[in-house]
Amino acid sequence: MENPQEDKNSMTVNSGNENEGFELNESNVISERTSYIPAKNNKFTTNLENNCSIRRKKVSLNIPDDADNSNNAVEFKDLDYDPDDVNFVARIVDGIRLGTANLVIKYNDIVKKLTTGIVIILYNAYFITAILYNRRNNLDWEWCDGHGLLIILTCLTYFFLFYYYVLKRLLGKVIKDVIIDPAERCGKRLLSIWYFKILTILLIVGSIAAFIIIDAWETPRRIISALGIIVMIIIGFLFSKHPGRVQWRQVFGGMALQFTFGLLILRWEGGRNFLECVSRKVTIFLAFSHHGSNFIYGYLSSGRFVVTNSSSYSELVGQTLGIDPLFVFGSLSVIYFFSFFVGLLYHMGIMIWVVTKVGWILQVLLGTTAAESMNAAANIFLGQTEAPILIKPFLNEMTKSEIHAVMTGGFATIAGSVMAAYISFGVEASSLLTASVLAAPAALSISKLLYPETQVTKTSAADIQQMKTKTEGNALDAAAQGAAQGFILIGNIVANLIAVISFVAFLNSIIGWFGMLVGLEQLSFEWILSKIFIPFAYILGVDSDDTENVALLLGLKLVVNEFVAYKRLLDMNLTPRSKRIAEYALCSFSNFSSVGIQLGGLSTLAPSRRADFSNVVWRALLAGTLASLLNACLAGTLL
């Protein structure tokens with residue numbers, strides 16, 4: 001039976017010195033190895049020395065330690081090689097190696113600083129050389145690809161180094177005590193005054209409404225998209241668990257943050273350029289997966305087939321033919337690479353740092369709890385079952401409102417690996433990236449509207465900051481485990497696609513047969529969906545000629561899944577505006593098949609809360625659907 005203390009510690013990794021605990025163990029190993037170096041004319045006269053010598057000889061022969069240790073058990077005199085018979089050169093090499101290792105461990109801090117200094121000097125030399133090369137040749141800066149990007153990355157790197165190693169260490173506590181804490185206390189006191197809270201909400205809502213009316217006055221479709229935002233709020237309020245307990249600061253605060261992100265990304269030229277640059281970089285990064293998939297699958301992945309021998313088509317020998325790559329070998333193969341990379345980032349602690357910081361920002365701006373804010377931030381990058389792993393220690397202590405927020409975040413977003421697959425088969429990367437960012441505040445906002453908090457939370461920011469995640473093995477092992485998880489994900493995607501597409505075809509056939517008997521040949525399951533969701537498609541603000549098609553996409557996404565809906569979207573001839581709005585509306589896991597996935601994943605993480613998960617899952621599905629539609633309405637308003 002495992003030690004409970006060890007199990008508790010298994011949830012953490014050392015966030016301090018990564019070499020903590022290494023120095024003592026390595027010293028012991030070196031001490032033991034040094035004792036094995038045979039000195040000249042040295043004889044093993046003691047039992048301890050004889051036992052050590054015999055054990056080392058057993059290791060060289062792969063003999064188990066529990067074998068008989070007597071001299072009669074193994075005839076060492078018959079061996080051609082005696083580990084104790086080390087020549088002079090080997091002793092010198094071994095001594096130099098061990099002496100160097102001892103020196104590095106003894107002066108570990110100095111070695112680290114010296115290595116860091118050398119790296120900084122070499123990088124600065126390279127940076128100066130690159131800038132001089134640009135000026136001598138009068139090249140453009142190319143802020144997204146060339147020397148301009150190098151300048152941006154260098155400035156950001158030095159800023160973070162200065163912040164963490166200088167500013168935070170010297171002034172971090174002072175800034176927190178003098179600025180951050182007083183501002184937080186003052187904000188809480190002001191928001192506790194009811195008329196100040198109402199005035200703030202009216203000011204935010206009025207400013208947003210005034211901007212939208214003035215900006216979209218001449219484009220009625222954008223006005224309709226803006227009205228769609230109001231419709232989504234009304235629907236959420238009507239289905240709220242506790243309508244009288246809604247904290248409107250959280251609802252409108254999340255929408256204000258979502259609107260701000262939308263303005264920066266969709267309307268500001270600098271934000272659009274930044275998003276386009278990031279989208280190109282993401283596309284290029286994911287394209288590296290083709291090297292691996294083409295190597296394994298060949299023309300099934302690349303779509304390029306070289307005719308080498310053909311009796312029937314001899315005139316084509318040596319030519320390259322273009323074919324459609326198979327979906328599972330081409331588009332889905334990107335998941336392997338992305339999962340590999342994410343596993344590496346988590347092992348290095350980079351992803352944990354990013355998620356924690358974004359979660360803290362959401363908590364401060366919206367007033368949501370630390371755990372649910374961190375989960376919402378994680379959902380930008382991770383899927384509905386992976387993100388809750390980060391807050392696993394707190395799932396048993398969460399209120400039902402917090403659980404609802406966690407499940408809503410899972411339904412309202414998509415996993416980064418799945419996003420990579422969508423990009424690979426033609427969905428606009430900028431739409432997916434924007435929708436993923438906007439979904440975090442939207443999910444919290446709608447979640448707190450449908451299931452307001454009525455209990456005192458037991459999770460705090462201090463608990464989240466002290467939380468660590470478990471990492472095992474080295475970085476390569478963590479990345480390889482991520483790739484293996486990608487294999488499982490692809491298997492699930494393929495199995496679900498085959499099953500649901502076949503099931504939809506079955507339903508179309510059955511319903512079509514009933515329709516044929518009464519003269520309604522056009523009747524089918526998809527036709528019914530295209531009619532039911534017409535009001536939602538209309539309120540999104542899509543062009544009138546595309547309303548039915550977008551309604552069909554919304555129905556397929558909810559009843560089947562977003563994979564099928566995106567594939568159908570690429571086959572439709574929609575206007576650019578309608579296509580962009582549809583890309584936002586489909587960017588979520590809010591469908592019936594995800595209900596079972598979430599219940600299974602969360603119940604595994606916190607079995608004692610299985611009943612609570614089942615109790616709130618359907619309301620969370622509605623909240624996730626409304627959040628994705630809210631994203632689409634915002635995009636339709638600003639586009």
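Heads up, the Cβ atoms here are built off N, Cα and C, so glycines get one too.
The region 'Disordered' annotation in TrEMBL covers 1-24.
Look at TrEMBL and you will find 114-134 (among others) tagged as transmembrane segment. Same-chain residues lying 6+ beyond the ends of the transmembrane segment (114-134) with a Cβ under 8 Å from its Cβ atoms: 141, 146-147, 150-151, 154.
Within the same chain, residues 127, 130-131, 134, 139-140 sit at least 6 positions outside the transmembrane segment (146-166) and bring their C-beta atoms closer than 8 Å to a C-beta of that stretch. Annotated transmembrane segment per TrEMBL: 146-166 (among others), in sequence order.
Look at TrEMBL and you will find 194-217 (among others) tagged as transmembrane segment. Here the transmembrane segment (194-217) has long-range neighbours at 223, 226, 248-249, 252-253, 255-256, 259, 637, meaning same-chain residues at least 6 beyond its ends whose C-beta is under 8 angstroms from one of its own.
Per TrEMBL, transmembrane segment is recorded for 223-239 (among others). Sequence-distant contacts of the transmembrane segment (223-239), counting only residues of its own chain at least 6 positions beyond either end whose CB sits under 8 Å from a CB of the stretch, comprise 209, 212-213, 216-217, 246, 251, 255, 446, 449-450, 538-541, 581, 619, 622-623, 626, 629-630, 632-637.
The domain 'Concentrative nucleoside transporter N-terminal' annotation in TrEMBL covers 227-300.
The transmembrane segment feature in TrEMBL is assigned to 321-354 (among others).
If you look up TrEMBL, you'll see 331-426 marked as domain 'Nucleoside transporter/FeoB GTPase Gate'. In the predicted model, the domain 'Nucleoside transporter/FeoB GTPase Gate' (331-426) shows an average pLDDT of 79.
The feature transmembrane segment is assigned by TrEMBL to 360-382 (among others).
Sequence-distant neighbours of the transmembrane segment (403-425) (same chain, 6+ residues past either end, Cβ-Cβ under 8 Å): 282-283, 286, 289, 327, 330-332, 334-335, 338-339, 342, 368, 371-372, 375-376, 379-388, 391, 395, 432-433, 436, 439-440, 442-444, 446-448, 450-451, 486, 489, 493, 562, 566-567, 570, 587-590, 594, 598, 602, 609, 612-613, 616-617, 619-621, 623-625, 627-628. The annotation transmembrane segment is assigned in TrEMBL to 403-425 (among others).
Taken from TrEMBL, the feature transmembrane segment applies to 431-451 (among others).
What TrEMBL lists as domain 'Concentrative nucleoside transporter C-terminal' is 432-636.
The transmembrane segment annotation in TrEMBL covers 493-516 (among others). Under 8 Å from some Cβ of the transmembrane segment (493-516) lie the Cβ atoms of residues 328, 332, 335, 418, 421, 522-526, 528, 556, 560-561, 563-564, 593, all in the same chain and six or more residues away from its ends.
According to TrEMBL, the feature transmembrane segment maps to 550-569 (among others). Long-range contacts of the transmembrane segment (550-569) within the same chain, counting only residues at least 6 positions beyond its ends with a Cβ under 8 Å from a Cβ of the stretch, are 414, 422, 425, 427, 493, 496-497, 500-501, 504, 526, 528-534, 536-537, 540, 542, 578-579, 581-583, 585-594, 625.
Residues 225, 383-385, 388, 395, 406-407, 410-415, 427-428, 431-432, 434-436, 438-439, 496, 500, 540-542, 550, 553-554, 557-562, 565-566, 569, 574, 610, 613-614, 617-618, 620-621, 624-625, 627-629, 631-632, 634-636, 639 of the same chain sit 6 or more residues outside the transmembrane segment (581-604) yet have a Cβ under 8 Å from a Cβ within it. Look at TrEMBL and you will find 581-604 (among others) tagged as transmembrane segment.
According to TrEMBL, the transmembrane segment annotation covers 616-638 (among others).
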Residues in the domain 'Concentrative nucleoside transporter N-terminal' (227-300) grouped by DSSP into helix, strand and remaining coil: 65 helix, 0 strand, 9 coil
